[in-house]
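In TrEMBL this protein carries:
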DOMAIN    A:4-249  domain 'Thiazole synthase ThiG'
ACT_SITE  A:96  active site, schiff-base intermediate with DXP
BINDING   A:157, A:184, A:185, A:206, A:207  1-deoxy-D-xylulose 5-phosphate binding site
C-alpha cells in the first residue's frame, strides 16, 4: 500500500480544493473521487487565520486528511512562515511545499525549495515538495529530509499532461523506492492513467476536476483512470515494437497459392 | 399585515417592495447609520448577466436571474441594456473556449465587431463573446431609487437600530441581514470580495466587459462620468478588513491588460466586503415560525434578489400554520 511518512493511503488520487463552483460541489467531487487527501491553500484563502475557518470546516467534515500547501509563496521565508501557520491551523506536520520561482509558468524555484525543505524538515515537518523532474534536485530534496517527491507533469493549471515523459521515466528509474506523486499539469483522465502506467505512485490534481463542466463526474473518471493505470502498470505491459507481430500464428494455415 | 424587514441591503429592499405589493405594512430596520453603510450590495458590480454567470453557476441562476432585468427596470428605471462583452488575451484562448462552451445566448464576434461595440477596444482583441440580452445598473443609485420609492409607498426606515425581536412586536419578520444572520443560519459562510472604483476620461465603455484570465477573473463595469468599477476577488474568508495590496495589484494589472488607459486612472475607492453564501452558493428562502430568512445571495445579489424577494413575500404573508409549505419552498429554492 502507498505510504506517506508512515501513513498508509489506499486512494492514489490527491485532490486540490480551489476553484470549484461551490463548496458543495467540491464535497461531492471529493466523495466521488474516493480521495483520502485534500490539499488546502492557506495563503490566499485565509486572510487572517480565523476568518477562513468556515471553508476549512466544510473540508474537515469530509473526514479526509488535509495536506496544507504553501501555494503562491515566492520565497523561502514566505513558504516557511506559511508552513508554520498551517501546522498551527490544521494540526498536521504534513506540508506540501511550493516555492514559486517564475510568475508565468509558476515553475518551482528549486534552489529555494531545497533550502525551505531543509529548514522545515529540521523543524519536524513532513515535506511534500512540489518540484521538477530534475534528478539532481530530487537527490538534494531527499538529502534535505524529504521522504517523497512531487514532480510536475506540466505547469500548474495548464492541463497539458505529462510534458517530459523521458524525464519522468528516468526519475522513476532512479528512485524506485521513493513515493513519487505527479503534481500539477494533469488535464484529462488519460494523463493520469499515463502517469500511473509509468509507475508513479499517485497523482495530485485540482483544476482538471474543479473547472470541468461536471466536476463530480470528472472526479469519478479520474479515480477510475488512476485505478486502471495502476493496475496496468502492475500487470507488466508489453513493450512497443516497430514490426507487426500477428497475434494469430500463420504457421499451419492452408496455403492457397 | 405588518412586517419588519431586517437589513436594508439589496435583499431587504427588494423584499420590502414585494411585501408592499402584496399589501403589507413594512418597516425596515438596519443597524447601519444610513443606506448602504453596512450592506455588501453597496460594493456590488451591478451586472445583470444571468447567461455569463452560467460559466460557474448552476442553471437555476440563469433561469431565475433572467427576470431580474425587467424587475429592476420596472422598480428603478436604472437598467442599461447594452449587453456584456467578454474578451480574452490571445494567450488565454483556452479560457475563452471554455467560457463559450459553458455559457449561452451569446454571439461569437471578431475584432471588427468588438471595435464597433466598444471603439476604445479597437485592435486590442481578435475575438469576443457578446451577450446582447444582458444589462447592468449602478448599484448605489438603484438601491437609493428603491429606497425612495419605498418611502413614497409608506415604508418606514429605521437606521442605526439593532434588530431587537422584542421591539418588533407581533410583526412578521423577514430577515435579510446577510452574513450577520449567521447566528440563525450556521452554514452561512463569507466569501470575501475586493473591488476598486477609478475614474478616467481616456476610455469609454458602454457595457460591462469581462476579461478572461486563468488566475483572476476580472470585469469592469462603466458608471456615469468616466467612473469604472473594477472587480472582484473571490476569497474563502469572512475577513472584512481593507483590500490587500496583492488583490489591488491583481485587479489593476487586469485593468491595464484590458486597456493601458486604466494605468493613468484616478483611484476613487478601494473596498472589501463579504458575500454571504451557503455551501452550494445558491440563495435560500426559508420560513421558521414568524421569521422568513432570505440569504446566501453570494455574488448574485442584484441578479437573484428579485425572485428571492417574491418568494419571501409570498411565504412571509401566509398564515403561520402553513410553514410545512415553506419547507417545500426552501427545497425548491
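Every residue gets a Cβ built from N, Cα and C, even glycine.
Projection of TrEMBL feature records onto the structure.
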residue: A:96; record: active site, schiff-base intermediate with DXP; Cβ contacts under 8 Å, 6 or more apart: A:39, A:67, A:68, A:69, A:70, A:128, A:130, A:150, A:183
residue: A:157; record: 1-deoxy-D-xylulose 5-phosphate binding site; Cβ contacts under 8 Å, 6 or more apart: A:106, A:184, A:206, A:207
residue: A:185; record: 1-deoxy-D-xylulose 5-phosphate binding site; Cβ contacts under 8 Å, 6 or more apart: A:152, A:153, A:154, A:155, A:156, A:158, A:159, A:160, A:161, A:162, A:163, A:191
- Could you check the binding-site residues A:206, A:207 and say which one's CB has the fewest neighbouring CB atoms inside 10 Å? A:207
- Item | Within reach of chain B, those binding-site residues of A:184, A:185, A:206, CB-CB under 8 Å | none
- Message: Need the DSSP three-state call for the residue listed as 'active site, schiff-base intermediate with DXP' to compare against my parser.
- Response: strand
- Same-chain, non-site residues whose Cβ lies within 8 A of the A:157, A:184, A:185, A:206, A:207 Cβ center for 1-deoxy-D-xylulose 5-phosphate are A:16, A:154, A:155, A:156, A:158, A:159, A:186, A:205, A:208
- Conformational class of residue A:157 (1-deoxy-D-xylulose 5-phosphate binding site) under the three-state DSSP mapping: coil
